[in-house]
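> So Swiss-Prot has the following annotated:
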type	residues	note
TOPO_DOM	1-106	topological domain 'Cytoplasmic'
REGION	22-64	region 'Disordered'
TOPO_DOM	128-811	topological domain 'Lumenal'
DISULFID	C140-C145	disulfide bond
DISULFID	C163-C796	disulfide bond
DISULFID	C171-C756	disulfide bond
CARBOHYD	N207	N-linked glycosylation site
CARBOHYD	N211	N-linked glycosylation site
DISULFID	C227-C476	disulfide bond
CARBOHYD	N252	N-linked glycosylation site
CARBOHYD	N312	N-linked glycosylation site
CARBOHYD	N357	N-linked glycosylation site
CARBOHYD	N424	N-linked glycosylation site
CARBOHYD	N580	N-linked glycosylation site
BINDING	H648, H652, E708	Zn(2+) binding site
ACT_SITE	E649	active site
CARBOHYD	N673	N-linked glycosylation site
CARBOHYD	N681	N-linked glycosylation site
DISULFID	C685-C808	disulfide bond
Amino acid sequence: MNVALQELGAGSNMVEYKRATLRDEDAPETPVEGGASPDAMEVGKGASPFSPGPSPGMTPGTPRSSGLFWRVTCPHLRSISGLCSRTMVGFQKGTRQLLGSRTQLELVLAGASLLLAALLLGCLVALGVQYHRDPSHSTCLTEACIRVAGKILESLDRGVSPCEDFYQFSCGGWIRRNPLPDGRSRWNTFNSLWDQNQAILKHLLENTTFNSSSEAEQKTQRFYLSCLQVERIEELGAQPLRDLIEKIGGWNITGPWDQDNFMEVLKAVAGTYRATPFFTVYISADSKSSNSNVIQVDQSGLFLPSRDYYLNRTANEKVLTAYLDYMEELGMLLGGRPTSTREQMQQVLELEIQLANITVPQDQRRDEEKIYHKMSISELQALAPSMDWLEFLSFLLSPLELSDSEPVVVYGMDYLQQVSELINRTEPSILNNYLIWNLVQKTTSSLDRRFESAQEKLLETLYGTKKSCVPRWQTCISNTDDALGFALGSLFVKATFDRQSKEIAEGMISEIRTAFEEALGQLVWMDEKTRQAAKEKADAIYDMIGFPDFILEPKELDDVYDGYEISEDSFFQNMLNLYNFSAKVMADQLRKPPSRDQWSMTPQTVNAYYLPTKNEIVFPAGILQAPFYARNHPKALNFGGIGVVMGHELTHAFDDQGREYDKEGNLRPWWQNESLAAFRNHTACMEEQYNQYQVNGERLNGRQTLGENIADNGGLKAAYNAYKAWLRKHGEEQQLPAVGLTNHQLFFVGFAQVWCSVRTPESSHEGLVTDPHSPARFRVLGTLSNSRDFLRHFGCPVGSPMNPGQLCEVW
């Protein structure tokens, strides 16, 4: 197996350092497999990719995690701004119905929007005839400018003053025109764009003349079609999972089980099938020696999105009851008896509650210097003696030979010590039930409709999602993206990506980096030695744009998936093969150095990320399209869209976590004490600012969201300064027609409209307790109320809601 792929490990509770523009939970509630899954990987030339992508801001080596409810990375979406012309061709050609059915209200609103847009277009075209007679006129009347002006106008709410509530001013019209689609708990620009990308992929995979010279691309189509074989999946029912449970040694809930096989079951569940009971194990770059990979162990094992759901039992009584009902229903579908199944699942739930009690909250895990502990396997054995770590890790990383002296990095020593004690005092039958429950969670999305229906009931309680109307093909595209994401990316890039976009994006990154470094030179609170080291780090940031080159080389692409077998008539078996293959790929990484050219997101992903152990920023092809970027849009919109995303990722190198890493990607102290103290004073202001914001009466956690808030604020400033530098070099742009905004104002409106969003109250609560990003509304309000440039261009007086008087600035 010719692989150079790095296993990223996952787990919603892992230390979080891979910094993404948005959380993967902004993905849809399309069922994907398993709780916290370590099947996500980085991939580079000659490497083996799967379910890629970073969980929003996770630790070095943290991935997008495939969750039963949470797909960690890309959002599923539907665009308000349309696709660039080249992508639109790929989107429309030969396709049938590309999106799911809409509600009657949505259709009425869509019709009204089209009518208004047509009237606007007619007026603007008429104006265009007149204005084009005067070439000196400062209004842009190209077709692209007219279309984007219409999009902006229909998203605005002119009844609100921009100095009162800039989010409502920018997004009020969009919110009115975008009721939540059926089956979704949230809807935003990212979701919309991902839906469009999915429709492109559907067309490519269902093409009856599909004839690729790449075996990996052929595997991608076979995998996708096996997922679409609903009749075959229904015919098999629960039997594939029943057989698997029997093979492992049985499950007390459904029948006889081997009472003396804790280690064997743990090895099968966590090793062969890559579930994460109790803890997660993954291979990633050593934070203190980033040129080498090392075994890493972290806390894991909770099924619900956050420990809060287990511990605040009064507030979350409905969720816990729905979860227990879900557990019971799945146990019954697999052969459990009514009375005993609920009783035993209650015991499993109580065990998860005990795990939640010892799980360290996200906001207490932001300083990796404090939670990073490197030790040998023998020292790990002494710390957590409830299991044989050498036996377990040797099985997990077979055929590698390990010894007691093998180094391991542990994040959360107290957690592992306490989980070992918990295992020792828990009855063997409960341990077995919990382990098999982790396997059940991971695999049931590959089974028949009854399991999907059970999940939908839990989703409704947890996220406020009504009965799902997500078409099967969308679920299958997501699964294919998880399994063969870079082979799928090869198809996507060849069909849609404009190569010139890569060159233009590289130029924008350079401009934004220059603007950031110029601002760095003006900071009065930073000493010269630290400033010079920070400038060197900014200069050293490595950028990757669009896609990795190897995906367009058939032989190299085939090599990375060599050994992954695809059955044409068993989707369940294809998923099992994926878990097994990913385990082998993970083992292959330990003795190899990390590659700087590895990718952690597939090209079709609508997201971006910064990875501190490589000091790199990555922008997949999926996000390099409208509304973030379009070649024929005003520069104000491009800098306000993809420019702010670029600035955001670059600023992550200097947020409260990224700043701990040097230019080589190593975790070490490189700041002078006085500058570090000043940095903490500035971030304390921002933490307190965001602590004051509320959603439905519930406060934001300014500590949990600090890194993303720093990146949002720094990214906006860098992008705007880069735009001003562009204007100094090229001169003022023509203005858009009819919108009544200067181009400087347009920059800020373009930034805000990227974050237009709607979501259910339940989903909003889930975001507050799990997401390292602030809610969309406060990503706009919090950032702009700290921007002197915004306040000046919109004339917001001190004391107005958008200008409270005190500005919190870090970078």
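The count begins at 1 with the first shown residue.
Backbone N, Cα and C atoms are what each Cβ position is placed from, and that goes for glycine too.
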> Measuring CA to CA, name the entry from the recorded positions H648, E649, H652, E708 that ends up nearest N312 (N-linked glycosylation site).
E708
> Cα distance, C227 (disulfide bond) to N211 (N-linked glycosylation site), nearest Å?
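Answer for this pair: 20 Å between alpha carbons.
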> Minimum Cβ neighbour count within 10 Å among the disulfide-bonded residues C140, C476, C685, C756: which residue?
C685
> With H, G and I counted as helix, E and B as strand and the rest as coil, say where DSSP puts C756 (disulfide bond).
coil
> How many other Cβ atoms are found within 10 Å of the Cβ atom of N673 (N-linked glycosylation site), counting all protein chains shown?
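Looking across every protein chain shown, the total is 10.
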> I need the nearest neighbour of N681 (N-linked glycosylation site) among the recorded positions N207, C227, N252, H652, using C-alpha distances.
H652
> Any idea what the Cα distance is from E708 (Zn(2+) binding site) over to C808 (disulfide bond), rounded to a whole Å?
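It is 14 Å, counting Cα to Cα.
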> Looking at the disulfide-bonded residues C140, C163, C476, which has the shortest Cα distance to H648 (Zn(2+) binding site)?
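For H648 (Zn(2+) binding site), the closest Cα among C140, C163, C476 is found at C163.
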> Quick one: of the recorded positions C145, C163, N252, C476, N673, which has its CA closest to the CA of C808 (disulfide bond)?
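For C808 (disulfide bond), the spatially nearest of the recorded positions is C163.
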> What three-state class does DSSP give C163 (disulfide bond)?
coil
> Can you grab the distance from C685 (disulfide bond) over to H652 (Zn(2+) binding site)? Cα atoms, rounded to a whole Å.
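Between the Cα atoms of C685 (disulfide bond) and H652 (Zn(2+) binding site), the distance comes to 18 Å.
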> Find, for the listed disulfide-bonded residues C145, C163, the residue with the lowest Cβ contact count at a 10 Å cut-off, counting only other Cβ atoms.
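Minimum Cβ neighbour count within 10 Å, taken over the disulfide-bonded residues C145, C163, occurs at C163.
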